[in-house]
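Noted in Swiss-Prot for the protein shown:
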- 1-11: compositional bias 'Polar residues' (COMPBIAS)
- 683-700: compositional bias 'Polar residues' (COMPBIAS)
- 1-24: region 'Disordered' (REGION)
- 681-707: region 'Disordered' (REGION)
- 1-63: topological domain 'Cytoplasmic' (TOPO_DOM)
- 85-100: topological domain 'Extracellular' (TOPO_DOM)
- 122-187: topological domain 'Cytoplasmic' (TOPO_DOM)
- 209-225: topological domain 'Extracellular' (TOPO_DOM)
- 247-257: topological domain 'Cytoplasmic' (TOPO_DOM)
- 279-304: topological domain 'Extracellular' (TOPO_DOM)
- 326-334: topological domain 'Cytoplasmic' (TOPO_DOM)
- 356-381: topological domain 'Extracellular' (TOPO_DOM)
- 403-426: topological domain 'Cytoplasmic' (TOPO_DOM)
- 448-458: topological domain 'Extracellular' (TOPO_DOM)
- 503-512: topological domain 'Extracellular' (TOPO_DOM)
- 534-781: topological domain 'Cytoplasmic' (TOPO_DOM)
- 64-84: transmembrane segment (TRANSMEM)
- 101-121: transmembrane segment (TRANSMEM)
- 188-208: transmembrane segment (TRANSMEM)
- 226-246: transmembrane segment (TRANSMEM)
- 258-278: transmembrane segment (TRANSMEM)
- 305-325: transmembrane segment (TRANSMEM)
- 335-355: transmembrane segment (TRANSMEM)
- 382-402: transmembrane segment (TRANSMEM)
- 427-447: transmembrane segment (TRANSMEM)
- 459-479: transmembrane segment (TRANSMEM)
- 482-502: transmembrane segment (TRANSMEM)
- 513-533: transmembrane segment (TRANSMEM)
Amino acid sequence: MTEPLHTSSNGGAERGPNAAFESEKTLQTTTRLQRFDSLHMEAGKIPGGQSHTAKVGWATTLHLAFQSIGVVYGDMGTSPLYVFSSTFTNGIKDTNDILGVMSLIIYTVVLLPLIKYCFIVLRANDNGDGGTFALYSLISRYARISLIPNQQAEDAMVSHYKLESPSNRVKRAHWIKEKMENSPNFKIILFLVTILATSMVIGDGVLTPCISVLSAVGGIKESAKSLTQGQIAGIAIAILIVLFLVQRFGTDKVGYSFGPIILTWFIFIAGTGVYNLFKHDTGVLKAFNPKYIVDYFERNGKQGWISLGGVILCITGTEAMFADLGHFNVRAIQIGFSVVLLPSVLLAYIGQAAYLRIYPEHVADTFYKSIPDPLYWPTFVVAVAAAIIASQAMISGAFAIIAQSQILGCFPRVRVIHTSTKFHGQVYIPEINYVLMVLCVAVTAIFQTTDKIGNAYGIAVVFVMFITTLLVTLVMVMIWKTSLLWIALFPVIFGGAELIYLSSAFYKFTQGGYLPLVFSAILMFIMATWHYVHVHRYKYELRNKVSNNYVAELAVKQNLARLPGIGFLYSELVQGIPPILPHLVEKVPSIHSVLVIISIKYLPISKIETKERFLFRYVEPKEYRVFRCVVRYGYNDKVEDPAEFESLVIENLKQFIHEESLYSQSSHSLEGESIKEIGGVTDPTSEVQDAMSSRNNSDQHTTEPRNGCMDEIQSIHKEMGNGVVHLLGETNVVAEPNADFLKKIIVDYVYNFIRKNFRQPEKITCVPHNRLLRVGMTYEI
């Protein structure tokens, strides 16, 4: 079997010294077909599908903006419940400090969520999807920095894979790209930074429900003054337990109500803010003058800096604007923030500041104290509902991130259940759900007040925002057409502000600030260990792949039985024959009548059209009916159930055989193994049409497939009736004998402990046990 690509040491296709530079321009156009058995060339024949970035009408945009209010802005919208109490933990000594803090809140909200995220970060999306993984995937597609060496040149021909390369500053970008690709340390650091950010966001799935529900329920003290803080925490815990227990039902059926509830919440807090402003002190509007920030720090010094740990809570949930972008679009998120959230929360804070100028002693319960008596109970009910919705959004976000991490080989196997037929990103993970529930209950029971939880929450919020700043800076340098001046200003202004806030949050490390770091350290260790072994397991298969002549040798063996039916042999290896095949033949001297060696591969892209998913090739000799198949998914794609997957593979295999038969009769002779990409054959690009037209003009009889092709398709159809058997490798990974002590601990004990305590592959794929054959093999890495 002749491989179309030669893999270099870093897993990419070997090219000349100038090829990488030139390839940046060729990603945007389909390379003209040179030969019909070229996987690299044939991958470009399919027209791209529609992405999130496609232009939509204003009616659709406004509808999406309304939906985003309930999904994206619940967390940031509930911040007025606890910001002032978390900032003035020791009370208000000077009422002028209220103006200083109010000014800090105004310009923090304007600088980070509005300017940084709405106008800059949202542009760094991956075909309409956002979040840390989206940024990492953008950088990974532009520069080969993946730690798993399974890149193929044809990956760049996937429609959503294409990037707009910087034309006017391509030399600078190319120089940085080369440095990144040639630096193993940079690849590792970038990966660790990415999983640190994702770990922090997953940790928010613990902290957001705690602080949101606890602060909302705390308002009941205004009506039931006899309740102790412990009893209030108990009520919050009961609500949290119910919240996690209903996660398995998904939010599809009740999600439509999120928007109206959160919008009602914004109307309540904005209206209350206007009421308090005109009733108590309109002078707080002076806080729009940033001079009061300077006065505040001059007056309070170190204590002013420490209070920033509370101020930063006014932008909790900002990252959700970017992370949830895939469900909406950039314009909808921008409208939702600037038209609804921004004026509502600013009015809420201004109203509370006006109230505190008159009643500074009420700072611990500012929100509920400032509500007019007739609106108390309606506001309380809406506040609890809004807190639950904000918590729901972060829990769902944690599930989605873990699902993405698992797909990219960065998280142990867990069962991902899709709870919505409308939104592919809404998933439920039972194991993670109950872990989050236990952690939420424990944190709420131990800390009981929003002040201490806020100390932890602040670190998590700013840490993720700072990492986003670093990754977007890389995108600006390499991918965007951005001048060096703007590139320098972005991390200096936004990164500088975030570091100041982060330093303040770290000051309260011992008062709860350690929580997100402990969560993140544990998650990072699990993710890094799993990915480390995942990478080395792939490299083991790459080093030990079997000779291309192996199948030809099998074909002449007389004692090798051919079993009825079709066998799907799974391997991560995308090039060559995996070592598990000869191991299987040695233990069970038989092979199915049709054998498809399947590699399921995830690209650093959010989604792949079904018509671009399957790549096939023959393994010589053709008459032996052994095929290689690479099945490509994006990190947000839903994997089909076994029955649907089997049907798709077989139908695309038949289509491949038919197309290969047509191509093989053309004047372009096939050499070695024949390769085709399946899908979209009824709508080829002009290059394929030109080639086909030229071929047909020279040889009219080639428009009909050879007779053997129809026999082969009928044979596969017949074997399909005999059933499909899934052959899953059950690899026992151990450290090689000469490995150092630390590696043996990580591989032999830590990794294997994680593997045994998470789900096994067949439980993830739901393959029926009566059609599953597990093939055991030991890998020494």
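Cβ atoms here come from the backbone N, Cα and C positions, even for glycine.
Here the transmembrane segment (305-325) touches the transmembrane segment (459-479). Their Cβ atoms form 3 or more pairs under 8 Å, with each pair 6 or more residues apart. By the Cβ criterion (distance under 8 Å, sequence gap of 6 or more), the transmembrane segment (335-355) is counted as touching the transmembrane segment (101-121), at least 3 such pairs being found. Beyond its flanks by at least six residues, the transmembrane segment (482-502) meets 108, 111-112, 116, 120, 169, 305, 308-309, 311-312, 458-459, 462-463, 465-466, 469-470, 472-473, 476 of its own chain at Cβ-Cβ distances under 8 Å. Relative to the transmembrane segment (101-121), the listed stretch 459-479 leads the set 188-208, 226-246, 382-402, 459-479, 513-533 in CB pairs under 8 A. With a cut-off of 8 Å on Cβ pairs spaced 6 or more residues apart, the transmembrane segment (427-447) and the transmembrane segment (258-278) reach fewer than 3 such pairs and are scored as not touching. Of the Cβ pairs linking the transmembrane segment (226-246) with the transmembrane segment (382-402) and spaced 6 or more residues apart, 3 or more are under 8 Å, so the two regions touch. By number of Cβ pairs under 8 Å, the transmembrane segment (459-479) is matched best by 188-208 from the list 64-84, 188-208, 258-278, 513-533. Here the topological domain 'Extracellular' (448-458) is broken down by DSSP into helix, strand and coil counts: 9 helix, 0 strand, 2 coil. Between the transmembrane segment (258-278) and the stretches 64-84, 188-208, 382-402, Cβ pairs under 8 Å are most numerous for 64-84. Beyond the ends of the topological domain 'Extracellular' (503-512), by six or more residues, the same chain brings 305-309, 312, 447, 452-456, 458-459, 462 to within a C-beta distance below 8 angstroms of the stretch. Sequence-distant contacts of the transmembrane segment (64-84), counting only residues of its own chain at least 6 positions beyond either end whose CB sits under 8 Å from a CB of the stretch, comprise 56, 101, 105, 113, 208, 211-212, 215-216, 255, 257-263, 265-266, 269, 310-311, 313-318, 320-321, 324, 327-329, 331-333, 335-337, 339-341, 344-345, 348-349, 352-353, 356, 363, 366-367, 383, 386-387, 389-390, 392-394, 450, 454.
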